[in-house]
Amino acid sequence: MMKQRRQLIENIFSMVTLRGMEYVLAFLLVPYLLRTLGPENYGAIAFMQGIISYFNLAINYGFNLTAPKDIALAEREELPRIFSEYFWGTFFLFLLCSVVFGIGYFILNILFGISLDIPLFFACYMTAVGGVVFPVWFFQGIQEMRYITILNLLGRLITMALLFYLIQSPKDYIKAAFLQSCTTVFAGLFSWYIIYKNWPRILRTPMIKDVWTVYKKGWRIFLSSVAVNLYTSSDVVILGALTNPVIVGYYSGSEKLINCIRRGVGAVSDAIYPYITQKLKDSPSMAYQFLRKQLLFYAMGGIFLGLIVIHFSPAIVPWLLGDQYIPSIEPLQIMAFVPFMVAVSTVFGYETMLPLGLQQIYSRVLIAASLVNLALIVPAILWKGALGVAGCVMITETFITVVMGVFLCKKRILLN
């Protein structure tokens with residue numbers, strides 16, 4: 001009992017430390033890139049990153065949720081089999097996505113003249129490579145978050161040093177996209193040294209039937225991830241398609257600041273997920289008590305931070321991003337309470353519904369939210385541009401939180 005709690009505290013500390021250092025590094029780097037590249041080129045990168053997110057989504061396939069759970073509940077002798085299933089499952093999806101893109105782009109270019117900034121595409125596509133070579137899900141499952149912290153910081157420090165050295169003008173935007181995308185690649189390469197040092201024979205030759213098993217297991221989570229992606233990354237893609245890179249740049253400036261807060265929530269929840277999965281199995285009453293305390297803490301913190309953002313954003317945006325990003329102030333204020341909604345819905349969905357095996361309900365809520373977002377996003381953009389996207393994000397996150405909360409209340413989950 002004490003060992004589990006000590007490990008949980010260590011994992012939360014590791015992930016919060018990681019996010020804290022990321023905040024510091026982002027505080028130094030993001031304003032530099034936004035100022036150096038300008039709204040147009042930074043918007044072009046954000047637009048392409050939105051497209052690449054579809055590939056990352058397919059390659060990840062929900063393994064970030066299913067793999068940690070399987071590993072956390074497995075005996076040590078089962079680790080090589082589980083690790084190999086998920087690693088090769090990710091690798092095969094990467095190959096499939098790469099081939100499908102190559103063939104699809106060739107056909108669309110020949111038949112319809114559709115083209116992309118291919119150098120920028122491949123620069124951003126390195127994030128997909130990083131998703132394969134850095135098995136974050138493994139370190140989550142064995143509850144060794146300190147490795148994620150160390151490796152991420154190492155990769156980020158390398159790319160950050162190169163970014164400050166090499167990015168000097170707006171024309172360097174492709175190099176900037178490439179280096180930002182290589183953070184997880186560097187972290188992943190270093191991670192394999194740790195893996196082979198501690199688990200030298202963990203990677204085995206894949207058995208197709210075993211890989212197919214993890215695909216079936218992750219299907220519902222994958223659908224949920226698709227739904228989430230439709231109201232996150234797709235918003236930027238649709239905004240770019242209907243407007244121009246400058247407006248995307250203004251929206252991305254505000255989104256970057258909001259995401260800094262959201263990542264803090266994700267860090268704590270990633271550390272808690274394996275612990276709460278095991279605790280719900282061993283002692284449900286203690287698990288619910290823990291979740292209620294976390295929910296209260298998240299709610300109070302989210303409301304406080306939202307008020308801070310609304311009040312101080314007119315001063316924060318010009319100071320951090322420069323006067324050219326003044327149009328980012330209003331979208332930022334509209335999304336001020338998005339971290340609050342995300343924090344509460346994370347406890348409801350990620351930390352409660354998924355460990356309890358309620359994947360189907362979880363998926364349905366997110367799919368419904370995506371449909372709400374898709375119904376609103378185009379009219380909102382045509383009406384208000386970046387402000388419309390910000391409003392859609394706030395409405396969608398509120399919808400998710402309310403629906404999940406109502407469902408859990410009806411089932412008396414978290415109330416007892």
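Using the three backbone atoms N, Cα and C, a Cβ is placed for every residue, glycine included.
What TrEMBL records for this protein:
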TRANSMEM  12-34  transmembrane segment
TRANSMEM  46-65  transmembrane segment
TRANSMEM  86-112  transmembrane segment
TRANSMEM  118-138  transmembrane segment
TRANSMEM  150-167  transmembrane segment
TRANSMEM  173-195  transmembrane segment
TRANSMEM  295-320  transmembrane segment
TRANSMEM  332-350  transmembrane segment
TRANSMEM  362-382  transmembrane segment
TRANSMEM  388-409  transmembrane segment
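Tertiary proximity for the transmembrane segment (388-409) is limited to same-chain residues at least six positions away from its ends with a CB under 8 Å from its CB atoms, namely 231-232, 235-236, 239, 251, 254, 330-332, 334-335, 337-338, 341-342, 344-345, 348-349, 352-353, 361-362, 365-366, 368-370, 372-373, 376-377, 379-382, 415.
Through the fold, the transmembrane segment (46-65) approaches residues 86, 89-90, 93-94, 96-97, 101, 116-117, 120-121, 123-125, 127-128, 131-132, 136-137, 140, 177, 214-215, 218-222, 224-226, 229, 232-237, 240, 245, 248-249, 251-252, 255, 273, 350, 354 of its own chain, all at least 6 residues removed from its boundaries and within a Cβ separation under 8 Å. With respect to Cβ pairs under 8 Å, the transmembrane segment (173-195) is most closely packed against 118-138, considering the stretches 118-138, 295-320, 362-382. Cβ atoms under 8 Å from those of the transmembrane segment (118-138) belong to residues 44-45, 48-49, 51-52, 55-56, 59-60, 63-64, 67-68, 71, 83, 86-87, 90-91, 94, 97, 148, 151, 173-175, 177-178, 181-185, 187-189, 191-192, 195 of the same chain, restricted to positions at least 6 beyond its ends. A Cβ distance under 8 Å defines the sequence-distant neighbours of the transmembrane segment (362-382), meaning residues of its chain 6+ beyond its ends; these are 220-221, 223-224, 226-228, 230-231, 234-235, 238-239, 242-243, 349, 353-354, 388-389, 391-392, 395-396, 399-400, 403-404, 407.
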